[in-house]
Amino acid sequence: MAVASFPIDKAYLIGGWLESFTWGVYTTMFAMTMYTIYQKRREGVNRFTTVALILLYFLATGHVSLALVRLIQGFILYRDILDPILYFANISVRLNMAKDYLYITNLFLGDLVIVWRLYVVWGNNIYIAFIPFLMCLGELSVGYGSISQWLAPTQNFTVMSRMGSAQFILSLVVNILVTMIIAGRIWFVSRRTRKALGVAGGNYTRVLLLLIESGALVAAAKLTEFTLYELAPVNGLDGLNAMYIVYECMPQITGLAPTFIIYAVNKGFTQQDSVYSSRGQKTTLMFNSPVDSDPTAHTSTTLSTAVFAPSGLEGGAAHAKQYSGEKDPLDRLNSSSTSVV
């Protein structure tokens, strides 16, 4: 069965348009998220995630800038001396290599943020995060190795293709695996907690869905990218080159997903559900006591996940603390709050 044809110049043009639009959305979300972090600075912020979000944004900005430069060169500056298809098919030019290095670094850092979230949610358990961390290092190594082949005196295109496939597979597996483990942890702890407290409900369901949906967005994009990569021709001169549409947008998607999570939690879009952060001495879940007949009597109850989690799951220095937002006192009696940054 013949594979449909999609010219590479058209793919890069559409990809550039979509990346520019996504970068605009990302920029707005990044600014809003940084403002929420600034507002909560006195409560303490997670330096790793904050620095990672900033680096992700600058890497994505650098990538879209180089992508637009390539579009200008391919369709305007060099159009009279070189066919756009030939220009974009030549991915060995230094400008494109620089853009690909930014892409790989962005991919690695985005996956590292996901692994960090896994580490924190599982009570700073280094063992649960060790293998995903090694997989992140592996994707960075094979990604750099694949691009750096263009710097060698001779190129082995078979090796380059296999290393590229390995990079996509490792990143995809990290996203799917880590998201599932995080979701399982939150579901287990919240289920045991609700049962112990006798509360009905799904407060944690929104946090769980937020994590799953954000992880699923990145994983779906990476799965699409990998599938199209396997269908793409080696030389880019003919065949199905639609992979570059998704490829151009990935740095924006990779940075947008964790940025959105932190913004949503800080702004209370998760209905002040409790999540985990990397501060404190024990992994704890914070709950407010139920409303009684005396609305002025308010007692905060702190439950350690050591009560609900099996041995070895509680450890570390992660806890969720209550959010001191401006709310009516009666509203605070019915909600718990979050901070992940």
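Our numbering is plain: 1 for the first residue shown, then up by one each step along the chain.
Glycine is treated like the rest: Cβ placed from N, Cα and C.
TrEMBL lists 319-341 with the feature region 'Disordered'.
What TrEMBL lists as transmembrane segment is 20-38 (among others). Under 8 Å from some Cβ of the transmembrane segment (20-38) lie the Cβ atoms of residues 45, 50, 53-54, 57, 60-61, 64, 68, 249, 252-253, 255-256, 259-260, 262-263, 266-267, 341, all in the same chain and six or more residues away from its ends.
Taken from TrEMBL, the feature transmembrane segment applies to 50-72 (among others).
Sequence-distant contacts of the transmembrane segment (101-119) (same chain, six or more residues past either end, CB-CB distance under 8 Å): 48-49, 52-53, 55-56, 59-60, 62-63, 66, 125-126, 128-129, 132-133, 135-136, 139-140, 143-144, 147, 167, 171, 174-175, 178-179, 181-182, 215, 218, 247, 250-251, 254-255, 257-258. Taken from TrEMBL, the feature transmembrane segment applies to 101-119 (among others).
For the transmembrane segment (126-147), the residues of the chain that approach it from at least six positions outside its boundaries are 97, 100-101, 104-105, 107-108, 111-112, 114-116, 118-119, 160, 163-164, 166-167, 170-171, 173-174, 177-178, 181, judged by C-beta separation under 8 angstroms. What TrEMBL records for 126-147 (among others) is transmembrane segment.
According to TrEMBL, the transmembrane segment annotation covers 167-188 (among others).
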